[in-house]
Ligand SMILES: NC(=O)c1ccc[n+]([C@@H]2O[C@H](COP(=O)([O-])OP(=O)(O)OC[C@H]3O[C@@H](n4cnc5c(N)ncnc54)[C@H](OP(=O)(O)O)[C@@H]3O)[C@@H](O)[C@H]2O)c1
């Protein structure tokens, strides 16, 4: 990427993304200028990551491109702080790439009328560059800017272009999904312990079993139902386990969990 990248909010997600961009060689440390609220944290992050981190919005807003990475609930305050800057900053005309859950392109574009806006929904696996990011572009985004945003997020893993109307659904599945998988793996390991395995071994088994199952699904391009059928022999152990899940409405609980995440995403916007 050419030019400077302003990062508004340098928390968990922004740090993972910037680190991956630096490691991937598409950004140099001197191109990044980030801001947080807390002076002491800014100093520590600056020292740790070798990028400029301060508490001033101005250098972030005047950078060529901006990543918005505060919490959605913090956006209003950020905009009020920006409106009170005297003299007003000379903002650039490059992209605003927002990762704020639930905040629509319409709201972003109204807040940054001079800049073309992109709404991005990355997930936490971006930290190890095995992420998944949904991207939706405002109408003013040029083909070159679309390519730039796609290339930046592709460094973090797979990119899916998504209609904005489907962004909440994408977020619920792709970005909240890792929490559901983690809860499921924790519970599976607990089951292993209940069945008599030592804790550490149960955790390892749950992890390797999930890794292997997803590798098989991917390599053989199997539908999940085909994998289930392949494992469940007549009158066997696996179908007994599946029957127990069905009695407890496991599938309905997962479907409702995704719908709850989607509802919450809409509330946050
Ligand atoms: N976590 C996920 O898996 C995930 C997935 C997809 C999208 N997202 C989205 O990513 C965004 C960030 O999430 P996160 O978990 O990284 O949050 P976080 O760790 O709380 O980071 C928020 C950052 O914003 C900064 N900030 C807040 N108000 C500010 C202000 N007025 N001026 C300057 N900086 C300000 C905070 O500064 P301080 O550190 O000083 O408080 C902090 O660095 C959210 O909008 C979320 O919806 C998260």
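Glycine is no exception: its Cβ is also placed from the backbone N, Cα and C atoms.
Per TrEMBL, NADP(+) binding site is recorded for 8, 9, 10, 11, 12, 13, 69, 70, 71, 72. Per TrEMBL, the feature domain 'Pyrroline-5-carboxylate reductase catalytic N-terminal' maps to 4-81. The annotation domain 'Pyrroline-5-carboxylate reductase dimerisation' is assigned in TrEMBL to 164-268.
Annotation for residue 8 (NADP(+) binding site): spatial neighbours 34, 35, 57, 60, 61, 66, 67, 68, 69, 70, 78, criterion Cβ-Cβ under 8 Å with sequence separation of six or more.
Under DSSP, the residues of the domain 'Pyrroline-5-carboxylate reductase dimerisation' (164-268) split into helix, strand and coil as follows: 89 helix, 0 strand, 16 coil.
DSSP classifies residue 12 (NADP(+) binding site) as helix under the three-state reduction. Note: residue 10 (NADP(+) binding site) has non-local neighbours 18, 34, 35, 36, 42, 45, 53, 69, i.e. same-chain residues 6+ apart with C-beta under 8 A of its own C-beta. In the domain 'Pyrroline-5-carboxylate reductase catalytic N-terminal' (4-81), the DSSP tally of helix, strand and coil residues is 40 helix, 15 strand, 23 coil. The Cβ of residue 69 (NADP(+) binding site) has 24 other Cβ atoms within 10 Å, all protein chains considered.
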